[in-house]
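Peer 1: Residues annotated as domain 'Acyl-CoA dehydrogenase/oxidase N-terminal' in TrEMBL: 6-117. Residues annotated as domain 'Acyl-CoA oxidase/dehydrogenase middle' in TrEMBL: 121-220. Annotated domain 'Acyl-CoA dehydrogenase/oxidase C-terminal' per TrEMBL: 232-381, in sequence order.
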Amino acid sequence: MNFQLTQEQEMLVEAVRSFVAKELLPHEEAVDRADAVSPELAAHIRGKAIAAGFYAFNMPEEVGGGGLDYLSQALIERELSKVSWALHVFVARPSKILMACKDEQINDYLLPCVQGEKTDCFALTEPGAGSDANAIKTRAVRQGDDFVINGSKHFISHAGHADFAIVFAVTDTYEHNGRKRNAVTAFLVDRGTPGMTIRRGPKCVSNRGYHTYELFFDDCRVPASKVLGEVDKGWEVANAWLTAGRVMVAANCVGQAQRALDLSLQWAADRKQFGQAIGSYQGVSFKLADMATQIRAAEMLTLHTAWKMDQGSMTDGEAGMAKLFASEVLGKVADEAVQIFGGMGLMDEGPVERIWRNARIERIWEGTSEIQRHIIARELLRPLLR
Ligand SMILES: Cc1cc2nc3c(=O)[nH]c(=O)nc-3n(C[C@H](O)[C@H](O)[C@H](O)COP(=O)(O)OP(=O)(O)OC[C@H]3O[C@@H](n4cnc5c(N)ncnc54)[C@H](O)[C@@H]3O)c2cc1C
């Protein structure tokens, strides 16, 4: 197997690394303290990302995106995540599900998202339906040429910045293995559509400045032309994208863990106690060795999984393994980084406390660790269970 990155990939990594250092990192502390990104800063980052050619790097070339393979995308995600989501979210990766756009949706939603003129948000989770997404209760009922949506969503990232939401609603039910299942449809719902209200959600400990919102639908009427993909086939469009997204989350975790290690190494070399650098004590240096080893393993697993996705041979279980392992490694590494920093690791004067807080969400969103284990185990046992 060839583990060598291409020259283009090496250059891409270098370019994103310097973009993060120059355009994003200088703002991280202030954004975290203010728990907000000003519209001017958001527009500035978006403009710089477009100029640098990073904007919509996840989208295919034929719609104006980066046209990159998954391995290259994972490398970019790894570098971007060395700063908080609150900032690198403006180097937008439009929901890949938008590739299901057809007819006028292409000019109204897909292309403006790729060009930085519009932003989407992905609205699936509800108060009663998190891990069990099939339990969503938001309904869309056909009335002539329209659908009328009623229900609510919560935890919807970035909805306050979004021009439209990709909303999942039940449009039918059917029986599967004796259980009632929901047939779900995805809708493109513009901000300002009568009947949809958006409210800021509770404050989150991770990624301050990157907020979640609650969406309420009260007889919200949208024309049938706003159906994304096919009616009742919402899971088909969502699932392909969600699985790939887990590998990118894994790459984000590797980048955050690497940042925590780099900071810890420097601190262990600089901080003196009992007359010596604390890194010279085995109690600290062995932590560093374990952190580096775990990060290397998470990185290899993540990049190999991205490579498999490029070959068309990645399974859901493999995507789950990458997300599970990398997010759990990040949790351990971030915690050890705090330990190595001692009291300073908990103070908001340095980035370690932020990395530790931000790390926590990674084991929850895009499918919790327990759900990843469920996906992996199901895939392992499927051929054996009858
Ligand atoms: C900051 C943030 C941003 C988010 N952004 C978005 C977004 O943009 N769009 C969106 O649609 N959603 C978003 N989410 C929702 C996110 O995907 C869910 O939080 C996640 O899927 C878990 O759902 P839940 O929080 O309802 O937890 P629950 O599903 O209630 O789970 C609670 C606990 O029970 C465990 N559990 C549940 N079922 C099982 C089982 N069968 N076996 C074992 N353990 C189980 C879980 O692993 C977890 O530990 C976001 C969430 C957060 C916190």
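Cβ coordinates come from backbone N, Cα and C, glycine included.
Owing to the predicted nature of the structure, the values given are computational and were not obtained by experimental measurement.
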Peer 1: Under DSSP, the domain 'Acyl-CoA dehydrogenase/oxidase N-terminal' (6-117) has how many residues in helix, strand and coil?
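Peer 2: Helix, strand and coil residues of the domain 'Acyl-CoA dehydrogenase/oxidase N-terminal' (6-117) number 76 helix, 0 strand, 36 coil.
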Peer 1: What average pLDDT does the predicted model assign to the domain 'Acyl-CoA oxidase/dehydrogenase middle' (121-220)?
Peer 2: 96
Peer 1: Just to be sure I understand, if DSSP states are collapsed into helix, strand and coil, how many residues of the domain 'Acyl-CoA dehydrogenase/oxidase C-terminal' (232-381) fall in each?
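Peer 2: Across the domain 'Acyl-CoA dehydrogenase/oxidase C-terminal' (232-381), the residues distribute as 127 helix, 5 strand, 18 coil.
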